[in-house]
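As structure tokens, the structure follows; a few thoughts come after it.
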Amino acid sequence: MKLSHMLLSLASLGVATALPRTPNHNAATTAFPSTSGLHFTIDGKTGYFAGTNSYWIGFLTNNDDVDLVMSQLAASDLKILRVWGFNDVNTKPTDGTVWYQLHANGTSTINTGADGLQRLDYVVTSAEKYGVKLIINFVNEWTDYGGMQAYVTAYGAAAQTDFYTNTAIQAAYKNYIKAVVSRYSSSAAIFAWELANEPRCQGCDTSVLYNWISDTSKYIKSLDSKHLVTIGDEGFGLDVDSDGSYPYTYGEGLNFTKNLGISTIDFGTLHLYPDSWGTSYDWGNGWITAHAAACKAVGKPCLLEEYGVTSNHCAVESPWQQTAGNATGISGDLYWQYGTTFSWGQSPNDGNTFYYNTSDFTCLVTDHVAAINAQSK
């Protein structure tokens, strides 16, 4: 998801005690999530799973706030939470704002301090405690929280698309991947490592992203062969049941089926935003089933990883959930995005957010999870 602006000021949320990362050996299970044919397996159960997104949880500065979210997810039986594993800056903040990596003058500095990766440490620790599984990505296509452009700016590349091929940038990117993966490679709370949030390479030959995906996923597997790896793309570039609309074309440099066939990619992802893409809401059902068919053909499960609208959440998104749940090849969905109320106020609302214990939450979480559980019996 591309955010329209910075939605969360974290300097004012209090300061938490941040300790060096240590695994929580009291986690609900030590079994790592995996795939089984066209399905996911979590905690020994193979099937379809519901979840959500929270880009902001790793930027909270109060541990109690993180625990509140995780406890609500666990109580709601939302098994998977996708979080931002990046927070790139070109200038070091001085106001207490959380940041993970500084890019400046051709160098990159990883922040492992209390206002850096120790905040992500606590997200993993809390996820272990509450039995939630995390998808952690490493960089953003968009400029929110720095993104690829932060690298491009610091290393003097000509265009954002150079991120994928610039040797110095890729070395810094891989160094960050190594830093994050090495912190959590022993944690059963990790569902998957994700190359990026919505990677695109507009106007590029599809070989550019294919080669980058192949190389990066192979590198991640060399660091951690036990966890799943995925791309984090929107599902663009698909010739299965194509209606010729832009998302099906290769204009963003992606070939969904070919990329999914890479041996070091364990499952596929797709996103769904008709309001942003200029398509109808009903169009989304075909988008889901087309990807399900592609996933089935490749023999790997796919995850409807992001989907959202700004109004009429239940009426619009519930049919998508039903379509995904009934489609062979799709094994889970994560709505965008989770919302809750803290002691200091509500979590960010980018327009797609709906909040815990509201009528939309009942429709799209409580009822949805109940339907999944009923179907799996």
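Cβ coordinates are placed from backbone N, Cα and C, and glycine is handled just like the others.
The Cβ of GLU198 (active site, proton donor) lies under 8 Å from the Cβ of MET1, LYS2, ASN140, GLU141, TRP142, GLY232, ASP233, GLU234, HIS271, each on the same chain and at least six residues away in sequence. The secondary structure of GLU198 (active site, proton donor), as reduced to three states from DSSP, is coil rather than helix or strand. Among the features that Swiss-Prot reports, active site, proton donor is placed at GLU198, with the record citing similarity to another entry.
DSSP assigns GLU306 (active site, nucleophile) to a strand. Listed in sequence order, MET1, ASN53, ARG82, GLU234, HIS271, LEU272, TYR273, LEU334, TYR335, TRP336 are the same-chain residues at least 6 apart in sequence whose CB falls under 8 Å from the CB of GLU306 (active site, nucleophile). Per Swiss-Prot, the feature active site, nucleophile maps to GLU306; the stated evidence is similarity to another entry.
The substrate binding site annotation in Swiss-Prot covers TRP84, ASN197, TYR273, TRP336. Here the Cβ of TRP84 (substrate binding site) has 23 other Cβ atoms within 10 Å, regardless of which shown protein chain they belong to.
The secondary structure of ASN105 (N-linked glycosylation site), as reduced to three states from DSSP, is coil rather than helix or strand. Residues annotated as N-linked glycosylation site in Swiss-Prot, with sequence analysis given as evidence: ASN105 (among others).
The annotation N-linked glycosylation site is assigned in Swiss-Prot to ASN255 (among others) on the grounds of sequence analysis. Counting Cβ atoms from all protein chains shown, ASN255 (N-linked glycosylation site) has 18 others lying within 10 Å of its own Cβ.
Among the features that Swiss-Prot reports, N-linked glycosylation site is placed at ASN326 (among others). The DSSP secondary structure for ASN326 (N-linked glycosylation site) is helix. For ASN326 (N-linked glycosylation site), other Cβ atoms within 10 Å of its Cβ number 13.
For the recorded site, ASN357 (N-linked glycosylation site), the DSSP three-state label reads coil. Per Swiss-Prot, the feature N-linked glycosylation site maps to ASN357 (among others); the stated evidence is sequence analysis.
According to Swiss-Prot, the feature signal peptide maps to 1-18, an assignment based on sequence analysis.
It is TYR273, among the binding-site residues TYR273, TRP336, whose Cβ has the fewest other Cβ atoms within 10 Å in the structure shown. Between the candidate recorded positions, ASN105, ASN197, ASN357, the densest Cβ environment within 10 Å is the one around ASN197. According to DSSP, TRP84 (substrate binding site) sits within a strand segment. Considering only the recorded positions TRP84, ASN255, ASN326, ASN357, the residue whose Cα is spatially closest to the Cα of ASN105 (N-linked glycosylation site) is TRP84.
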